[in-house]
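Colleague: Quick paste of what TrEMBL says about this protein:
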BINDING   A:S30, A:S58, A:V158, A:Y176  molybdate binding site
Amino acid sequence: MLAPVLAAALVGACSSAPDGTTVTVYAAASLTEVFTGLGADFQAANPGARVSFNFGGSSALAQQIGQGAPADVFASASPATMEQVAAEVDRPVTFARNRLEIAVPGGNPAGVTGLADFGRAEARIALCAERVPCGAAAGEVFRAAGITPRPDTLEQDVKAVLTKVRLGEVDAALVYRTDVRAAGGEVEGIGFAEAERAVNDYPIAPLKRASPRGRQFVDFVVSQAGRAALTAAGFDVP
Amino acid sequence: MIRDRPLVLVLPALAGLAFLVVPLLGLLVRAPWAELPARLFSAEVGNALRLSLVCASLATALCLVLGVPLAWLLARGDVPGRGLLRALVTVPLVLPPVVGGVALLLVLGRRGLVGQHLEAWFGVSLPFTTAGVVVAEAFVAMPFLVIAVEGALRAADPRYEEAAATLGASRWLTFRRVTLPSVAPGVVAGAVLCWARALGEFGATITFAGNFPGETTTMPLAVYLALETDPDAAIVLSLVLLLVSVGVLAGLRDRWVGGAG
């Protein structure tokens, strides 16, 4: 007797009802703060609309969308990860750009000064895994600088890297400039020239099966209000 | 026959069986059999498998050294608040492993409550090391061992220990020569369960020990990572883990599976 009720409850809880009022946005981890704010603004501007987010490594999100995850909108941190789901989405547009920065714990206990410190054996280093956009960008940066990094861990998304810096578990990491800013005083950022060589384009696209609300959210992100929020968070806006 | 087994029980039972078995069949169906040998002996699989086996074994050893005495304390120790102690021991059993990883990071991390002293006094730092993997696995797996051994101890007849004591044996001698041999099957079963749990550990490991090939990327981490870029590799890695798990089950069959059959 209980089983059908339970099953119905589970199905109800797990699927986002395609009633056109809830927009499910899959977004790169580096967009966590700015998109959370934009989601609230969108809901305020569109009474009755609800935005729910799934933030994570772009490659993991792309894989989930490829497997049929119920997303309306995908915002990734690189064109390559958007390309993975090309069959699922409508005309991606670049809505932001981001660049890497060295992140060190507050007070910079290991005295990190630049990219060269990433090759030191005794320094604790966290990087994004190569297949996540921040890891791909880091790879380009190190190739451009001619440095072989010696990471101690390769994390699944940029926020996981940032957490290791925040906790002081690593001496240095490469994250986006916007992440350093979002972390406030706990993390110090150090800029470097090679960051220019690996600027990430962030594409956003509605999924082909997205509700009209989903397309509306994409329009909102590329609108004047969206651009202002992205700029305030430290993104470059095209 | 049918009257003995009412449909209202048989149908959900069959559904339950299918629910448990079909996903495993799915792995077998989707496996890239043609390229299986080549993939099986790739450096990636080899590294992850070796690391997994070594770490799970070390974690089990650590659990035996700490867990058997703990089980003895719970079963025989006459300590006040034993119910509370037992509850505390089982917390990691029900705790989401990721939470365990976060907790370990906050205590044993470089700036953790204990970790900062380890770093300052001994230069030891556990996160992002193979030792960190062992610690994470042991944290998650030890309750399995403790509960199995404690159950065996409580089922064992304490009169043999009392007899040994009246014959003048010390408690330590009694523990080694009387208690431990009498619960040996329980210890073995607990150790196997503990090892299997350690082998499959994911959440605490990736949170506390991070991910670096050859250092901390165990099989479950490799499966998860491969799924994003190379699903076939994920299936091969999963098959290997499945095989090992079935092997463990076969080893335990007298105790659990074959028991009634």
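The backbone N, Cα and C atoms fix where each Cβ goes, glycine too.
Unlike curated entries, TrEMBL annotations are predicted automatically.
Give me the local environment of each listed feature.
Modeller: Sequence-distant neighbours of A:Y176 (molybdate binding site) (same chain, six or more apart, CB under 8 Å from its CB) are A:S30, A:N98, A:R99, A:L100, A:E101, A:C134, A:V158, A:N200, listed in sequence order.
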Colleague: Identify all same-chain residues not among A:S30, A:S58, A:V158, A:Y176 whose C-beta atom falls within 8 angstroms of the centroid of the molybdate site's C-beta atoms; report them in sequence order.
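Modeller: Along the chain, the qualifying residues are A:A28, A:A29, A:L31, A:A77, A:N98, A:C128, A:V132, A:P133, A:C134, A:D157, A:K159, A:V175, A:D179, A:N200.
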Colleague: Residues with Cβ closer than 8 Å to the Cβ of A:S58 (molybdate binding site), same chain and 6+ apart in sequence?
Modeller: A:A28, A:A29, A:S76, A:A77, A:S78, A:T81, A:V132, A:P133, A:D157
Colleague: DSSP three-state call for A:V158 (molybdate binding site): helix, strand or coil?
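Modeller: It is helical.
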